[in-house]
Amino acid sequence: MSCIIKTESEIKKMRISGKLAAEVLEMIKEHLQPKISTEDINQICHDYIVYKKKAISACLGYHGFPKSICISINDVVCHGIPSKNQVFKEGDIVNIDIAIIKDGYHGDTSKMFYIGKTSILSKRLCQVARESLYLSLKLVKPGIPLYKIGEIIQNYVESNNFSVVKEYCGHGIGRNFHEEPHVLHYKNKKNNIILKKGMIFTIEPMINSGNPEVKCMKDGWTVKTKDRSLSAQYEHTVLVTEYGCDILTWQKDEDISQKLVNIN
């Protein structure tokens with residue numbers, strides 16, 4: 001497995017792409033209300049990416065994906081396709097996944113949102129998904145084997161009586177949307193690449209309130225939990241630095257530092 005070490009010039013461009021992707025999530029929050037369609041949200045994000053930020057949606061047309069962002073509601077694990085016929089309801093939990101291209105380089109991030117008041121279970125699931133990502137980010141530094149990321153995520157999620165989806169993983173990112181390495185969200189010691197300064201990849205755990213099994217719908221994209229349980233996901237693009245990592249898609253309202261320094 002060959003992992004691309006980014007040059008300083010590439011890192012500079014990816015900081016810009018990551019910041020832009022994060023800004024889309026910051027912008028869209030106020031628009032997420034009951035009775036708004038997912039296609040409305042898709043169009044708002046598309047216009048912001050293309051016309052305001054002069055960038056490109058990495059999702060639109062990727063292997064035939066028909067929209068500019070992914071919107072996954074409740075039991076949808078990932079790759080939900082926005083539609084005029086799908087409207088938000090009070091109590092929904094929603095993942096919005098943003099991937100953009102700016103000056104030839106990608107930025108990729110996602111987070112969960114609540115539509116109005118939601119259940120205690122929904123909030124707890126989202127909290128554990130977010131915390132599992134943050135715990136893994138605190139591990140990232142040169143010299144760490146990649147499987148440690150999946151190990152800490154799986155241990156934390158399962159200790160909270162939730163389950164980790166194993167069919168989908170994080171990935172290297174740069175000029176290409178998906179590069180090496182594959183970043184698993186569960187422990188697998190075969191995933192033993194040693195992290196090095198200059199690597200850039202996503203960490204994006206998907207966790208379910210029920211069983212971990214998933215199924216792909218007839219549209220070829222939408223992935224749901226088999227048991228119809230709720231699912232939640234958070235995602236960041238991260239750069240391995242000398243002593244830790246920089247979160248390239250950090251958002252202003254996050255309760256974690258943009259720069260995680262792990263000297264010990």
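Cβ from N, Cα, C; glycine included.
Taken from Swiss-Prot, the feature substrate binding site covers His79, His178, and the record attributes it to sequence analysis. Applying an 8 A CB threshold to same-chain residues 6+ apart, the list for His79 (substrate binding site) reads Phe65, Cys70, Ser72, Asp97, Trp221, Thr222, Val223.
Annotation comment: Swiss-Prot describes Asp97, Asp108, Glu235 as divalent metal cation 1 binding site, evidence class sequence analysis. Glu235 (divalent metal cation 1 binding site) carries a strand DSSP state (E or B).
Secondary structure at Glu204 (divalent metal cation 2 binding site), as computed by DSSP, is coil. In sequence order, Ser110, Leu133, Tyr168, Cys169, Gly170, Val183, His185, Gln233, Tyr234, Glu235, His236 are the residues near Glu204 (divalent metal cation 2 binding site), counting only same-chain partners six or more apart with C-beta under 8 A. Swiss-Prot lists Asp108, His171, Glu204, Glu235 with the feature divalent metal cation 2 binding site, giving sequence analysis as the kind of evidence.
Within 8 Å of the centroid of the Cβ atoms of Asp97, Asp108, Glu235, where the record puts divalent metal cation 1, the same chain has further Cβ atoms from Ala21, Cys70, Ile98, Ala99, Thr109, Ser110, Thr202, Glu204, Thr237, Thr249. Around His178 (substrate binding site), taking its Cβ as the centre, 16 other Cβ atoms fall within 10 Å, counting all chains. In sequence order, Ala21, Ala58, Asp97, Ile98, Ala99, Ile100, Ile173, Phe177, Thr202, Glu235, Thr237, Thr249 make up the list of same-chain residues 6 or more apart from Asp108 (divalent metal cation 1 binding site) whose Cβ falls under 8 Å from its Cβ. Here the Cα atom of His171 (divalent metal cation 2 binding site) is found 6 Å from that of His178 (substrate binding site).
Mapped onto three states, the DSSP output places Asp108 (divalent metal cation 1 binding site) in strand.
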